[in-house]
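Asker: Take a look at this one; I'll ask things after.
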C-alpha cells in the first residue's frame, strides 16, 4: 500500500486529495462546509443515507458520521466527528454503500459487512431491530456442490433492501419488498438469494432507490440473440392476432405475459407472482381498473412486401371496444369513449394544421432524443406471421386498428398540454376550481396515465423523421384511413428507400476485456407508482424487466433517488424518469414514466451523476476542464417567502459555485445533504487528468455525431462509384466505428478512473497503448486507401445534394472556418480529423510526466508513451501526404494504365519524368518511364508496361570498371537490365529510394514506428538473401508457376515451394534457381485421379541420390536416382497382396532399367528369382526357388530358363542338363533319383507333366552309392551368381558416399569429411521430419562426429576403439556404414525370407555373409589404414593375468596355443557382432530347414532319455561313479541325491549350456560352451575335494549328460552355424576342442537310439 500511495501522490502531497465538502439540499446558494471533525485522510468514496453517512479512506478504513441510532453507546449515536468502524479495521474495504438507515461495506477479499437498521432484514440478520457493528454476511451459492462462498464486487442499498453484485456478475438480494426481484412470498429475506431472472447475464452495476432497483446489464453477443417467438412461452397463445373483418383488418397484440407482474401498491408486498393472464389489467392507486393501451408496434424492418394493393384497410370511423373488467371507472379519468373521441378529434386537428399553407408541420418532441438506431437489438418479429402486418395505431380500448404512422405525427406534447395546461384552464375545462397540490398531483397522475397509453412494454413514440432515419428500409403499408393521412406522410411513403449500412463495431475481445462495455441494457424492478421503473406505466414489477427504449443508448452508469432514476451515457447525456415533483429530473415540470433526456447544460456534457431523495446532481465538463456541479430538485423557501404552500423546486438545473474548492472527483447525494470529494491541483497532475478525460468524452461525442450525421447518410446513397470504392468506404466506416467505440469505452473508463486512486501507472492509454495505436493506424490506412482511389471525387456527384444541405454542419464538425473551402476538401479534412487526437494524447501525457521526478519509473513510462503517440501522429501525417501525392500522380497518368496499376494500398515514391533515368541500350525513339511504388517498380513503354514486385527485385550500383559511373543494375527473377541516371546524385537518390522501398516491402509492416520508442532503424540496403513469393511468366520450364520461399540475387535459393498451374508441386531445397538438396515433388495423374509422389534428394533440378517414388498406379520405388531416372540400388514394390499382380524387386538399376544382380519375388506365382538382369529381363546366371520346393540354378535368356542348368525337386530328384524354357527340359542331361539310380540321355518336356526320355539307365553298385551320392549336390552353387558379384551397387554407393570412384581408390581425409557432412545434413533433415530422435540417438550422432585418431603402434585398445566406433556407426542409418548395413540386412531378408526360405539356399546364404564381411572389412581398413590385414596378430600391451588352468592340458596359460600370445584380427571377429544379430533369423531358419531330418531323430532321443532320473541316466551314459554328485546344495540347504532325483545334477552347467540359443555369433556361442565345461569342473571339484586332470574318456560322458539335460531343440543348427562361421585359427585351440566335443555329443545322441 505504501508504495502505491507514494507514487499516486508524489505530485500532490497526501493531504490534497479526497477532501470532503458538504452542502444542505435545497439551499444551493450557500457555500459548502467542510465535514465537521474530519481530520483529513484521503477519502476515496462516500455514501449518504437519510441522516447518516459513511466515508471510505485510501487505506481501506471506514468512518460513519451523522445520527447513528443503532449504536449501543449513547456517545456514538450522535458523534461530533466521524467515527471509525473498528470492526472493519484490517480488512481493507474497497467500496461502501448506504441505504436510508443502514450501511454496507465490501472488503478486498469480497466479503460483505452490514450494519444499521434491520427491521426489514436489510442487514441480512434475522429478528434483530438494529445491527450496531459491521457484521459479515454469509453469501453462498447452493447450486454448487459443496456450496461455495460468493465473492462480492459492489453493493447498493435502498430503504428496506440491499443488492450485491458478485465477482461472477450475478445479483444477490436480501431485505423486504418486490424491489428484491426474488420469487418469494415471505419477507423479510435475511439469507441472501440470487436474482434468478438475471442469472447467466453479465451485470455491470446495480443501484437502489428507496423502493426500486436498477441493474446495468451487458448486451448479449450477436450470436446469442434469438428472434422473438410467435407464441407466449407460458400459455402458448399467439402473441399477435389478426382478425379479418369484411371491410377491415384488426391486428391486436394485447396479449401480455409481463416479466414483472403488475400489482397494486397495497398488494405488492403481500402476493407472490400470480399466473399471467392473457388480458392483464392494471390497478390504479385506489384499486380502480383501467385498460392499458399501446401506441406502437415494431415490424419486420426487412420486409419487402408492399401492401398497397392489398385489402388491408380500415373503416374510417370504426373503433373496436372491449369489455371493461370492472363496472367502476376512475372518477379522475375521462371514460374510454371520451378518450376515443378526443384522440379522433386531435388527429383531425393535426391534419388541418398540416394542410395549412406555408406552415411547417409541428415539431414532435421525442421521448428519447437519439438519432442513432439500436445497432445490437435483434429483429423483433417472427418471420412468418408479422411480415405482412401493418404498422398499427392505438384505439382507446387496447385493440389496434391498422393505420399509418399517423400516431407518430400525433404530438405527445399536445396530449400533455391537453391534460396539463395552466391551472385556470384546467379548472375551466373540468369544472373544478382547485389549484392546490392535490390538483397538481392529479395532473401528474393524468400525465402518467397518458404516458402509459404510449409506453407499454417500454416502447415509445418517436419523431417520424427519426424513425425513418433509423429504420432505413422499414416499409409503410398503404393505410386504410387515407382521408386522414397527411401529404407529408404520403410523400415519405412514396420515396424510394435507400439501403442502410449498419455501423456496428465488431466485438473486440481485447478492448472489451480492458475497458467498460458500451453495449448495455437497463433492467428495473420494484415499486413504480411514480414511474421510476421507466416502463411507461406506474405498475410495480416483481422481477427485472428491460427498459427497451434505453437499448443502444450506451448507458454506462445508473443512479436511483427516492422515486426517480438517472442513467448516464457514454455520450455524456443523462436520461431521467420517475417523480419530478421538485424538478429533480432536470427537464420539465412533469413526471415521466419513460426515460427522457435531462437538459443540464447546453454546451457541456455530464460525466457523473448522483440522485438524492428528491433532487439530482450533475457533474459537468467545463471549458477549463474543472468540473462544474449542477443541482436540480427541491428548493427550500427563503425566509419571508410568502408563496402558497406548494412544494418548490428548480425549473432547470442550477450551476453551483464551487470553482474555488478544487477539482470535484465524485458527488454523493442523501436526503437533506449532499457531499463532494475534491482534489487540489498542486502541480497540474489532477488538471491534466481531467483535461484528458474531458477532451476524450467530447471527442467521442463528436465522432458519434460524424457517424450518425455524415457517415450513415453517405453510406445509404446510391451510385457511389465502383465496387472497390464502395468497399473501401464501407471499410473506412467500419474502422471509424471501431475507433469511435474504443474512444467511447476509454472516455467511460477515464470517468471511473477519476473517481478512484488516480495512479499514473494504471492509465489505460499508457498501459495498453497498442490498443489505441493499432486502431488509429488501421483507420488512417483505410482512409488513405480511399483517398488514393479517388474516393472523395467519386463521392462528390451522388453526395452533392446531401453535402450542400449540411454544409454548416460539415464545417462545424471538421473545424473549418474558411467558407470558401470546397466541400470535398471539408469532407477530406473531416475523415482525417481523428488523427489530430494523437497529438493531444502526447501533449497530456507529457504534462502528466512533468509532475513526477525525472528519475521515477512513472516519468519514464509517461515520457515513452507520449513519444509513441507523437511519432505515430507524425507518421500518419506523412502517410496522408504520400496518399495525396499518389492521388495527384494518378490524375496525370495515362488512363488505360491507371486502371490496371491503381490499387488502394499502392503509393508513389518517385518516377523518372522528374528524375532523369533511362534504359541502357534503349532504341532512339523508345520511351522508357520508370515509376517506383511502395510495392513494385513499373517500367512503362508507350501503351505497355511491366510490373516488377519489389520483394523480388535486387538493385546494385555498377562499378566504375564496368564503364558506367551512373549505372544501376536491376535484377529480377526473369529480367536483368541496367538503368543510367543523368547525374551521380540522381543515381544515389534512386538507389536509396529503391533500397528503402524493397526493405519496407520485405518487412511487410510499411514503415510504421515501433511501439515503445522511436522509429525503427532503417537498414542501409535490403538483404540479398530473402523470402518472397513470385509467379514466373517467361521461363519455359516454370511458366505460370508460383515460387514461395528463399531467394538469393534473383534466384530461388534455400527452402521453398514451387507450384505449377497443372497441379505439379515441388517443396524443398533450391540452389541457384534449381531444385537441389532434399525435396518433395507431386505430379497429378488425371487418368487415374491420383498423383505421383517423390520424396528424396535432387541435384541441379533433377532427382539424384536416395529417394522414394510412389507412382499413381500404386508402385513404390525406394532407392537411388540419377538424372530423374532410377539408377543404382533400389526396391520396387508393385501392387499389394490383394491386387492382381503383386511383386517385389530389389537390386541394381541402370538408366531406369533393371540391370546387374537382383532378386525378384513373384508373389502371385510363388516364385523367387535371384540372379542377373539386363534391360529389365533376367539374363545370365540365376537361381529360382518355388513355394512347392523346386530349385533351379542355371542360365537365363530373355526372362526364360535357357541353356545349362540344375533342377532339384523336394524329394532330392536332380536333373542336370539343358533347358529351353521355364521348367522345360530340352537336350542332353542326367536325371538322378533320390536312391542314387540315374539316367543319361536326351530329355524333352515340362517338369511335372510327363517327360520324354531317350537315354541309358544306370544303377550304381552297392559300394559306390554312398560315396557318389553327394557328387550332384556338390555341384550346387556353380551356376549361381558368385557371392562377391551380388549387391555390388550397394557397396559402390557406399564407396561413392565416401568420395571414392572405385573401391579403395580415394583420399582417407576426404572420406572422413564426407562422413561428417552426411551426418550433419541428415541430422538437419531429421529435425524437419515428424520422427524425433531419442536422447541416446542424439548422443550417438554427436560421438560419431568425432574422428578416431591413432598415433603410434597399433594396440588392442585401438582395436577396441575401432570396434566401438563401428557398433555406433552401424546403429544409425545417417552414417554411410550404418546405411550400408541397413541396406544389406534388407536385401538379405528379402532374399531368404518367404519363398526364399529353402534349404537348398543355405550354402548361398552363408557365402553371402562371408562376402559381406570381406567387403565391409575392406571399407573399414580404408577408413582406418593402421588396422592390420586379415589374420594378423596384435601383440598384447600387457600379459593377461594367469590363474585359470588350461582345461585340456592342465597348463597355466591364458589363451589358445597360438605361436605367441596376442589378438588375431579377423573380419568375422570385428564385424560379425554388428552384422549377425541382424541377419540371424533368416539364416537360422535355413539351418533348421536343412537339418530338419537329423534334428527330428536327435530330439526324439533327447525326449526318451530325459525320462530317466539323474542316477539312472548317469549310469546309462557310463559316467564314472566318482563324478556322481552325492549331495546337492539347494537354496543353501544340503540335500542328498536320491535314486528318484531328477534334473538336479550338474544343474549349473545345464543352465549355462542352455544360454547357447540366446547368443548370435560363433565366438559368443563358443564362450558359452567353454563356460559350461568350467561349470562341470567346479561341480566335480566340489564333490571330489581334490585336484584332478580330465581325460576325454572321463569328460565325454559327463558332457553328454549335460547336453541331454539342456534339451536344446535345434542343437544341430547351432553346431553347423558355429562350424561354418567360426574363425579358422580357433579350430585347434582349446575352444576348438570343446566345440568338437559338443559336435560329437550331438552325433552320439542320434546313435543312442540305435543302441
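Please read every residue number as a count from 1 along the shown chain.
Glycine too: its Cβ is placed from the backbone N, Cα and C atoms.
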Asker: Report which of 270, 527, 969, 1059 appears in Swiss-Prot with the annotation N6-acetyllysine.
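Answerer: Among 270, 527, 969, 1059, the residue Swiss-Prot annotates as N6-acetyllysine is 527.
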Asker: Which stretch, out of 387-424, 425-462, 463-500, 539-576, is listed as region 'Disordered' by Swiss-Prot?
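Answerer: Checking Swiss-Prot against the ranges 387-424, 425-462, 463-500, 539-576, the region 'Disordered' one is 425-462.
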Asker: Taking helix as H, G and I and strand as E and B in DSSP, count the residues of the repeat 'MORN 2' (1066-1088) in helix, strand and coil.
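Answerer: The repeat 'MORN 2' (1066-1088) comes out at 0 helix, 18 strand, 5 coil.
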Asker: Can you name the far-off residues of the same chain, 6+ from the ends of the repeat 'MORN 2' (1066-1088), with a Cβ under 8 Å from a Cβ of it?
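Answerer: For the repeat 'MORN 2' (1066-1088), the far contacts come to 1045-1046, 1048, 1051-1058, 1094-1103, 1112-1113, 1325.
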Asker: Let me check the 10 A CB neighbour count of residue 527 (N6-acetyllysine). How many other CB atoms are there?
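Answerer: I count 24 other Cβ atoms within 10 Å of it.
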Asker: Work out the three-state DSSP category of residue 527 (N6-acetyllysine).
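Answerer: SS state of residue 527 (N6-acetyllysine) = coil.
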Asker: How do the residues of the repeat 'RCC1 2' (109-167) split into helix, strand and coil according to DSSP?
Answerer: 0 helix, 30 strand, 29 coil
Asker: What are the DSSP helix/strand/coil residue counts across the repeat 'RCC1 3' (169-218)?
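Answerer: Reading the DSSP string over the repeat 'RCC1 3' (169-218) gives 6 helix, 24 strand, 20 coil.
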Asker: If you run through the repeat 'MORN 4' (1117-1139) with DSSP, how many residues end up as helix, strand and coil?
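Answerer: Taking each residue of the repeat 'MORN 4' (1117-1139) in turn, the totals are 0 helix, 16 strand, 7 coil.
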